[in-house]
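Per TrEMBL, the feature domain 'Glycoside hydrolase family 29 N-terminal' maps to 1-290. The site 'May be important for catalysis' feature in TrEMBL is assigned to 219. Feature annotation from TrEMBL assigns domain 'Alpha-L-fucosidase C-terminal' to 301-389.
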């Protein structure tokens, strides 16, 4: 897009300097080799990350499908490049080795598809592209791979009536093989985003910082600047684990899910830095998962007295979780929101055995004495959870 459509200078110059004259985007197809792609290893990394679902980009805006689509002749991973059905391989590994829900991202439009460009010229009065390409692909991936999430994207500035989104969704929810389990997002045509859908994504890297009345998802990238893999990325282009934990905690406390994107390499690897970030998230969730999984938003999302404290509520146990991202120098954490009850309220630091001492601060709020721990004794890094029971 930057090279061929917007003709941005750095991209044009890079291609001129590093590829033969007349090299086209299609010539990248055979260079996408995936020779190191090991779906079992991917599944093990995904499981270790603590994630509950995974969404694979089955087709992006350039139209190349990672499965041998009947509707993408000679522009798919079975005919060109890897010569493998990458969707099938990952689906099989994820389902046999993990309990993650398997989802597929699919781009409705394609930047340079002549049928789409023709429809766009006709102000979408004609529907050649959705009827011959986009919709058949959607029916194909649902029937073939039975994904439990359909993550639609790329409306191409066309309305949902052009895409026949409601027709497809009616089939998906009523008659498809995944009708009882499937969930979908909100990107089904102009005007549907943040308005219609099982969960809202609103915009990329969406993190409102306040409670939304509808389930939503913060879809963001570990590489701050890209959704794909960048060979020239610098270390500080990647979010640190502290940043990722902060994103997770803010998102969940406001009723959202976190969808963290990584870009694999052309030879099929998850780069080591992405693997490390995913495993670190998993290590954090192994300790603090009870403050994240199966929780609901509490009456307050973040604290009024101490910044960087976010709340979740565990309905089964009736516990309020206060997740704090900075360990106070004083050793005392002041919370402005909880109303504690003398002789009843108990405070526990997840991953630490003994109950913590606390005092009430007026009608609302409490000061909690944190244990004096050496770095080795800390239950985890990057953020800690206090569990409060019997709170008004």
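Counting begins at 1 with the first residue displayed.
Yeah, the Cβs are placed from backbone N, Cα and C, and that goes for glycine too.
In the domain 'Alpha-L-fucosidase C-terminal' (301-389), the DSSP tally of helix, strand and coil residues is 0 helix, 36 strand, 53 coil. In the predicted model, the domain 'Glycoside hydrolase family 29 N-terminal' (1-290) shows an average pLDDT of 97. Neighbours of residue 219 (site 'May be important for catalysis'), defined as other CB atoms within 10 A of its CB across all chains, total 24.
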